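Visitor: Quick one: structure below, then a few questions.
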Amino acid sequence: MLQRDAVIDVDESEIPPIPFVLAFNDLTYNVTLQQRFGLRFGHSPAKIKTLLNGITGEAKEGEILAILGASGAGKSTLIDALAGQIAEGSLKGTVTLNGEALQSRLLRVISAYVMQEDLLFPMLTVEETLMFAAEFRLPRSLSKSKKRNRVETLIDQLGLTTVKNTVIGDEGHRGVSGGERRRVSIGTDIIHDPIVLFLDEPTSGLDSTSAFMVVQVLKKIARSGSIVIMSIHQPSGRIMEFLDRVIVLSSGQIVFSDSPATLPLFFSEFGSPIPEKENIAEFTLDLIKDLEGSPEGTRGLVEFNRNWQHRKLRVSQEPHHNSSSLGEAINASISRGKLVSTSYRSIPSYVNPWWVETVILAKRYMINWTRTPELIGTRVFIVMMTGFLLATVYWKVDDSPRGVQERLSFFSFAMATMFYSCADGLPAFIQERYIFLRETAHNAYRRSSYVISHSLVTLPHLFALSIGFAATTFWFVGLNGGLAGFIYYLMIIFASFWSGCSFVTFVSGVIPNVMMSYMVTFGYLSYCLLFSGFYVNRDRIHLYWIWIHYISLLKYPYEAVLHNEFDDPSRCFVRGNQVFDNTIMEGVSETTKAKLLETMSGYLGMELTESTCLTTGSDLLKQHGIEQLDKWGCLWVTLAWGFFFRILFYFSLLLGSKNKRA
């Protein structure tokens with residue numbers, strides 16, 4: 001354990017152990033059911049559902065309090081209520097620690113909430129995962145060596161020493177087992193050695209052996225000086241032996257609250273004795289299910305439990321003589337080596353400044369990404385293959401009218417490719433979303449730091465994509481501008497990737513469903529392509545649709561590459577004899593064309609020959625209505641779209657990551 005002087009200054013005199021007691025009294029939580037279809041007419045009242053109804057109990061330091069019940073009984077809701085995950089005003093009743101109401105900022109420091117899902121980066125090792133958790137949660141005043149010592153101690157406590165250098169793994173990469181993964185998930189949340197630990201069904205989805213090992217670890221954590229409160233669906237007999245107290249719920253009400261060892265006596269007095277060699281938890285849940293299906297429901301069992309509790313209180317007559325004020329208990333806990341990060345009277349919102357958070361997040365991203373080179377390499381390969389395909393289709397286009405149309409077609413398809421290829425990043429944040437929610441719930445880092453690091457880490461990847469596409473198309477298609485033109489072409493491709501990926505990132509932050517986010521992304525990009533100016537010129541778009549033209553992400557990069565290609569006024573694209581191309585006169589002899597040009601010269605009052613330039617690049621830009629911004633203005637607007645969507649992404653995280661229930 002770390003020394004206390006690295007965390008908080010306390011009296012050097014011997015401080016006796018003062019146990020923590022988390023008490024909750026008469027917790028009631030109601031929700032208004034939303035009507036999914038139709039409207040509510042007249043003054044019919046909204047339907048109210050009670051999720052918690054008068055829940056009272058306590059949990060003590062060194063003990064495991066388990067909340068049992070069938071699905072929908074209110075287990076997770078009660079965990080959320082105790083963990084401060086329900087908005088103030090919605091929850092009735094009180095939750096106190098050593099007799100003092102818990103403020104949300106203090107609760108973040110002294111507690112941890114382990115979600116049911118194992119939310120971890122797959123390509124980090126066990127040790128790296130816990131070390132990053134230490135960087136986020138432990139005080140910056142602690143040295144790197146002390147943080148590493150804490151990680152080593154925790155790895156040993158969790159029984160993960162043999163796999164500490166093994167990656168977490170996922171569907172495509174072999175890693176730790178399910179039980180080990182669950183213990184790592186617990187470890188990331190208890191890195192700061194919390195006083196109170198909440199867990200939502202930590203044994204869910206595990207085999208009996210793995211589940212037993214998880215509960216063994218939780219027992220060690222409780223004995224180290226923590227209160228452990230967890231929900232569990234149907235524990236085995238071995239697991240029941242590790243539980244100190246059990247609360248059994250049915251429809252949001254307590255039907256039993258005591259030591260699991262008293263369950264046989266409880267049900268025997270209720271009139272439903274537990275058969276010998278029967279799994280106690282299984283019998284309890286089956287009996288409750290039968291009662292819930294009866295006309296009276298579980299009212300009789302709820303009332304019997306109340307009488308049971310009253311008799312127990314009269315017999316025990318045990319006051320809370322060990323309970324102490326919260327401040328004294330925290331100081332005593334710190335003196336014994338608990339890693340509460342600071343004084344309970346002065347709690348910082350974050351342990352690190354924003355720039356340190358940004359560096360840590362960027363480092364974690366880079367490690368995770370560099371261990372999946374096949375993903376990055378595949379995307380670069382696909383973009384380069386697309387560029388190679390376009391280069392072979394539009395190989396060395398000339399300066400004829402037909403060549404102009406081919407250039408326009410190439411630019412439209414190329415710019416669309418930039419944006420559509422960004423859609424493969426949609427699942428990335430959606431997969432990380434719950435990791436982000438878990439970490440920011442305890443103020444591990446700022447949302448702004450996450451957005452900045454996320455943006456910075458993507459830049460090298462986007463630059464590699466840009467180089468790959470530009471190098472395989474510019475010279476082989478025969479685009480204009482030489483080296484300067486290539487550099488600008490590379491810049492606008494990079495800006496397009498930046499803008500497209502920023503848009504996709506924003507969508508993934510707003511819509512947490514992969515299929516829906518794909519639909520929104522491709523739908524919006526299709527409209528952007530339609531109104532970009534290639535299919536319909538700006539002056540042909542009706543006034544009621546012109547706004548789509550100006551918010552089209554493809555408009556500005558498309559106009560930028562046209563500027564880069566056609567801005568040279570000395571370059572000619574339609575000469576005298578080419579005026580007949582793509583018309584019924586295209587097949588006539590050159591002599592006839594010369595006579596026609598001579599006749600047209602007389603009517604127009606100007607000399608027209610085969611070499612007379614009729615349309616320059618500047619004329620083409622005017623014909624397509626590209627006059628409002630120059631090529632640099634188009635580049636800046638494209639880049640600005642990227643920053644705009646990153647800002648929107650930040651606000652989507654700010655508004656969408658409120659973890660409390662209404």
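Yeah, the Cβs are placed from backbone N, Cα and C, and that goes for glycine too.
What Swiss-Prot shows for this protein is this:
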- GLY69, ALA70, SER71, GLY72, ALA73, GLY74, LYS75, SER76: ATP binding site (BINDING)
- 22-276: domain 'ABC transporter' (DOMAIN)
- 356-566: domain 'ABC transmembrane type-2' (DOMAIN)
- 375-395: transmembrane segment (TRANSMEM)
- 410-430: transmembrane segment (TRANSMEM)
- 451-471: transmembrane segment (TRANSMEM)
- 486-508: transmembrane segment (TRANSMEM)
- 514-536: transmembrane segment (TRANSMEM)
- 635-655: transmembrane segment (TRANSMEM)
Visitor: For the transmembrane segment (451-471), which partner among 375-395, 410-430, 635-655 gives the most CB pairs under 8 Å?
Guide: 375-395
Visitor: Under a criterion of Cβ-Cβ distance under 8 Å and sequence separation of at least 6, what residues of the same chain contact GLY74 (ATP binding site)?
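Guide: Set apart from GLY74 (ATP binding site) by at least 6 residues yet with Cβ under 8 Å, we have LEU51, LEU52, LEU249, SER251, GLY252.
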Visitor: With every protein chain in view, what's the tally of Cβ atoms within 10 Å of the Cβ of LYS75 (ATP binding site), excluding that atom itself?
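Guide: Neighbour count, Cβ to Cβ under the 10 Å cut-off: 24.
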Visitor: If we count other C-beta atoms within 10 Å, could you say which of the binding-site residues GLY69, GLY72 has the fewest?
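Guide: Candidates: the binding-site residues GLY69, GLY72. Fewest Cβ atoms within 10 Å: GLY72.
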Visitor: Excluding the flanking five residues on each side, which residues at least 6 beyond the ends of the transmembrane segment (514-536) place their CB within less than 8 Å of a CB in that stretch?
Guide: 408-409, 411-412, 415-416, 419-420, 423, 426-427, 430, 503-504, 507-508, 545, 548-549, 552-555, 558-559, 624-626
Visitor: Among all chains shown, work out which of the binding-site residues SER71, SER76 has the most CB atoms within 10 A of its CB.
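Guide: Result of the Cβ crowding comparison: SER76.
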Visitor: Let me spell it out: for each of the binding-site residues (ALA70, ALA73), count the other Cβ atoms within 10 Å of that residue's Cβ, using every protein chain shown. Which one has the most?
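Guide: Per the Cβ count, the most surrounded site is ALA73.
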